[in-house]
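Trainee: Quick one: structure below, then a few questions.
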Amino acid sequence: MDDEWKPLLASERAGDSYTDRGVTDSLDPKSKRPFHVEPRNIVEEDTQERVSAEASVMNSRVHYYSRLTGSSDRLLVPPDHVIPAPEEIYVYSPLGTAYKVQGGEGSVKNPSIVTIFAIWNTMMGTAILSIPWSIKQAGFTCGVIILVTMGLLTLYCCYRVLKSPKAIQYADTSDWEFPDVCKYYFGTFGQWSSLVFSMVSLVGAMVVYWVLMSNFLFNTGKFIYNYVHNVSMTDDEFGTNGTERVICPFPNTDHEDNSSLSMFYVSDNGTGTSQFDRWWSKTNTVPFYLIILLLPLLNFRSASFFARFTFLGTISVIYLIFLVTLKAIRLGFHLEFHWFDSTKLFLPEFRLLFPQLTGVLTLAFFIHNCIITLMKSNKNQQNNVRDLSVAYLLVGLTYLYVGVMIFASFPSPPLSKDCIEPNFLDNFPSNDIMVFVARTFLLFQMTTVYPLLGYLVRVQMMGQIFGRPYPGFFHVFTLNIIIVGAGVLMAKFYPNIGSIIRYSGALCGLALVFVFPSVIHMMSLHRIGALRWPSALFHSFIILLGVANLVGQFLV
């Protein structure tokens, strides 16, 4: 039986048999080979379609050419008119059932505008909520400069990732991802290190999601409770008066002498409110309530159901932009420029805390581990660099718009700019209806995305360790317990999403954004004798920036 697959004019390399290559290595119409198996051992009638005579004839033609030469030899490959069109490729099971091949290189390609907004939508994550706080930490002018600079730097590194497979000669890299490139250059170390740093970004995002979902669920429940029980004053933090109220949950200055500020307390006429506050706490109870909802969802074998709700991310970002615009119009701009000295209400334009912004932006602009996959679906491959640049431009403008508008419109006076929270929605009271809608929408969206992130972690980790994405319920449940436990602990003891984002961003960005793309580019140039000292110095400088970015997170 094995002799039937041996080519007549070429011999296969050792260990490179037809079955080793697999039938799903590529969906390229010129390399895909439909196969036909006679329906034997059928014990009952099946209403599904059997292998057709046309498919059998097609299979005989392909087998004829495969007997002439091996698939690694392109001299006598089947001509184009023998291979069926992509939409006509089927895989036939031993029982004769035909399964249509979906996706791959033969699937429908997307125009540039779809590719651009797919990248934009993928990068628009939770970091957008921390951009105003990050700009505050760096100083307004310094923050704007760093945001533009980091956008350009991460764009260049992403461009290097996109071009890295094409620099490999004498190998078919059409279906390679960046971890495959890392494995090619660095061996097993590159494969596992890229996996570990990719896990850092995914688990870090899941921890941030848990903290935010606890926050949004707490404020949503508080809004509903106050509405049902007719409680009009719900905040006990310092804040401004008026319809567009802005609060400062953790004031650093004494506001008692400022008549423009007010401090509200919920009147407690009985035990109802105190009991509610006891059982509905942002850090003590709500993070544990989420376990009941999300832990079962993480154990699903497939995440296809949750993938249907990914469009909610786009709607959430659009609504946030609308909310920021409306709040800025109603609050107006409040800016004073003090270049190096701070005042009671305003901060200097340049602050030594700027590494916190670079850490957040590293994760905010991070798409390097999946950019090759996204670009494969682009209809015009020659426009990949242009479309990637346009997508980064849109992402940078979105971050810049939200960060500048929130910082500039934050009411100073009477509040200090230092009151801007890591999640800028926390600067609005829980009884703000528009903010309540945003929190509710983000809560539902994150509830559907969280299992997707867990699925990605499981597939990558379990696939590398056990060779299959679902080795068993115990293994998957243990992994999910660890991930959920990390989220609960952070939501209870350290619910600062800005710091979580900057640490995870700087750590995963060190390898996947700064080091690996630069080193791989220099190695590829060195192998062909084209590496020059200006390029070596420039890319070495990028690596030093990545190291400094990580070290800086622990110094500020």
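Yeah, the Cβs are placed from backbone N, Cα and C, and that goes for glycine too.
TrEMBL lists 1-38 with the feature region 'Disordered'. The compositional bias 'Basic and acidic residues' annotation in TrEMBL covers 13-38. The feature transmembrane segment is assigned by TrEMBL to 113-132, 138-159, 192-212, 286-302, 309-333, 353-375, 387-408, 433-453, 473-494, 500-524, 536-555. According to TrEMBL, the domain 'Amino acid transporter transmembrane' annotation covers 115-225, 290-548.
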Trainee: Residues of the same chain, at least six outside the transmembrane segment (536-555), with any C-beta under 8 angstroms of its C-beta?
Mentor: 153, 157, 355-356, 358-359, 362, 502-503, 506-507, 509-510, 513-515, 518-519, 521-522
Trainee: Which range out of 113-132, 353-375, 387-408, 433-453, 500-524 gives the transmembrane segment (309-333) the most CB pairs under 8 Å?
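Mentor: By the under-8 Å Cβ criterion, the transmembrane segment (309-333) pairs most with 433-453.
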Trainee: Does the transmembrane segment (192-212) reach the transmembrane segment (387-408) with at least 3 CB pairs under 8 A, where each pair is 6 or more residues apart?
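Mentor: No, the transmembrane segment (192-212) and the transmembrane segment (387-408) are not in contact.
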Trainee: Residues of the same chain, at least six outside the transmembrane segment (473-494), with any C-beta under 8 angstroms of its C-beta?
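Mentor: Cβ under 8 Å, 6 or more out: 203, 206-207, 209-211, 214, 283-284, 286-288, 290-291, 294-295, 298-299, 454, 457-458, 461-462, 466, 500.
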Trainee: Is it true that the transmembrane segment (353-375) and the transmembrane segment (113-132) have 3 or more CB pairs under 8 Å, sequence gap of 6 or more?
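Mentor: With 3 or more qualifying Cβ pairs, these stretches touch.
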